[in-house]
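> There's a structure below that I have some questions on.
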Amino acid sequence: MRLHSRQASNPHRQYSAAQSLHSSSDDSEHKEIPSTMGWAKRLMRWMVTVDQPHTFETSLKNYQSLAHVTNYIFFCGGRLRTVAKTKYLSVLVLVMLIAPIVLFSVFETGYLWKHVAGAKPCVVLCYYFWTLCFASFISTGATDPGTLPRNIHLAQLQDDYKLPLEYYSIITLPSPVANAPVRLKYCTTCRIWRPPRASHCAVCDSCILSFDHHCDWLNNCIGQRNHRYFLAFLFSSVLSSIWLLTCCALKLRHAGSPSAAPVSLLLICYCAVSIWYPLLLAIYHLFLTGTQQTTHEYLKAVDSRNPIFHKVTHPERNPFVTGSCARNMLLLMCQPRGYDFLHTRSEHQAGDWRFFRLPIPHSFEKV
């Protein structure tokens, strides 16, 4: 195998033309303009960073360059992110999270706290799990899922658009589990040999470490760095719905009739309907983690067109299985977050090849 890892400061000579173009672009981007024109634009770009020219800035952060080679939109100086050109269903989920707690705070909390005996612990637990749910929602949908850097393994070729044939092969490595090798594939978009369990997300246009799935409802991938937050979001949303429903039931019983507590009845109906989707999804992921599988691996292993109704079982050749259901759950649910490989809030160095978008290569090497 001809594997050649290239550091950002020392790219291969075959891409010298692209490097010159990028360097000249960086030089033009660093030209200073009058401060009276630049401060407002810098503030706006700090608040929202999208894939657009930034010629008014004298220094860049990595997240500003990352927006050019991925589909990410960054907020608050690279602290939060989402994916561009999607349906933005996460906004709907956010409204569905905030609306019931606002109604509960305005119409229910005061009455329960003052007039219903024994309701105070229920109110406290309701707010606690809602806060946990909201924090998990932000941590899952607006943080780094485990984005891998680009252009780490570039081929030694004289043609800019071709790769050697072995780069299209699958490498098998031994594992502790018999007859279950670890498979590695090369990503022709990101130009890297992907680590085990990593996969390229077409929506985010990035390779994600320990890729589970891309969640349309959260508008982000679920990977190694936010998997625990995703599971916490599912369980806390179920628990917050249970306690909200309990509080409203106490209010309704104390009021005596639905007409005396219409908001309580509305919230009870809302919780009774909305609790099922996160509950079923939480149970589904419990079974997946118990068998040491990600959603991506499970869907690839299922032969049926209806994977929802397919029985979740231990895969025949899983190099990551431990033999214990509890240990499998612990390893996936409590796995280390890992490193931020791109250091998105650090200063951007001109010519850093992790932030290049190279052409898609041809299928065969030059002969």
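Numbering starts at 1 and runs along the chain as displayed.
Cβ from N, Cα, C; glycine included.
In case it helps, Swiss-Prot gives these features for our protein:
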- 1-23: compositional bias 'Polar residues' (COMPBIAS)
- 1-32: region 'Disordered' (REGION)
- 1-87: topological domain 'Cytoplasmic' (TOPO_DOM)
- 88-108: transmembrane segment (TRANSMEM)
- 109-121: topological domain 'Lumenal' (TOPO_DOM)
- 122-142: transmembrane segment (TRANSMEM)
- 143-229: topological domain 'Cytoplasmic' (TOPO_DOM)
- 185-235: domain 'DHHC' (DOMAIN)
- 230-250: transmembrane segment (TRANSMEM)
- 251-262: topological domain 'Lumenal' (TOPO_DOM)
- 263-283: transmembrane segment (TRANSMEM)
- 284-367: topological domain 'Cytoplasmic' (TOPO_DOM)
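How buried are the listed features, and what sits near them?
Sequence-remote contacts of a segment are chain residues at least 6 beyond its ends whose Cβ falls under 8 Å from one of its Cβ atoms, and for the transmembrane segment (88-108) they are 82, 126-127, 130, 133-134, 137, 141, 216-220, 237, 244, 247-248, 251, 263-264, 266-267, 270-271, 274.
A mean pLDDT of 92 is what the model gives for the topological domain 'Lumenal' (109-121).
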> Sort out the residues at least 6 away from either end of the topological domain 'Lumenal' (109-121), same chain, that have Cβ-Cβ distances under 8 Å to it, and list them.
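For the topological domain 'Lumenal' (109-121), the list is 247, 250-251, 254.
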> Please give the sequence-distant neighbours of the transmembrane segment (263-283): residues at least 6 beyond its ends with Cβ less than 8 Å from one of its Cβ atoms.
96, 100, 103-104, 107-108, 231, 233-235, 237-238, 241-242, 244-245, 248-249, 251-252, 255
> May I ask for the residues of the chain that lie six or more residues beyond the topological domain 'Lumenal' (251-262) and have a Cβ under 8 Å from a Cβ within it?
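Hits for the topological domain 'Lumenal' (251-262): 108, 111-112, 115-116, 119, 268.
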